[in-house]
């Protein structure tokens, strides 16, 4: 079965952004931050390649296309999703919006970590240890850090709100400087 994925570029004061959506389910499946358009698109292509390598046994193939191929109904939906995403990035609305996420990669544990992370409101931070307790597994701190490092839907899954136990900003795929900027914008630090 063939699945269409569509990408769009956005610009924001904090970072250049590329989002990838699945129009058939109206879901956000991937976000990359910072870098040039070619780098961001390269990140998306690597993501789709990994999804395809894990999905081919199931008979699924994902194809990545520019948003220009969309029909007008889908363009309106994508424009709304893009607007909502930029509002989250700007700290204007919380990540618990009507942006539907679909995880094309990830174990059940990772997906549980990501869903729990989505509940952390803008302006708040918690430690990896606190997140482990929320998940009912206080000893899973390293596993949680690993799961967050594999988060493919930055900002909407707000892994930037997870900090070290002593309040130190640690681990963010797109850089500690961007993590700090996001938290300052949300008035969390």
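Easy rule for this one: first residue shown is 1, then count along the chain.
The backbone N, Cα and C atoms fix where each Cβ goes, glycine too.
Residues annotated as DNA binding site in Swiss-Prot, with similarity to another entry given as evidence: 128, 142, 165. Long-range Cβ contacts of residue 142 (DNA binding site) within its own chain (separation 6+, distance under 8 Å) are none.
According to Swiss-Prot, the feature active site, nucleophile maps to 159, an assignment based on sequence analysis. Long-range neighbours of residue 159 (active site, nucleophile) (same chain, six or more residues apart, CB within less than 8 Å of its CB): 117, 148, 151, 172.
Compared over the binding-site residues 128, 165, the count of CB atoms lying within 10 A of a residue's CB peaks at 128. Residues 128, 142, 165, recorded as binding DNA, reach a greatest CA to CA spacing of 12 Å. Note: the DNA site is recorded as 128, 142, 165; in the same chain, 127, 129, 132, 141, 144, 145, 164 also have Cβ atoms within 8 Å of that site's Cβ centroid. In the three-state DSSP scheme, residue 128 (DNA binding site) falls into the helix class.
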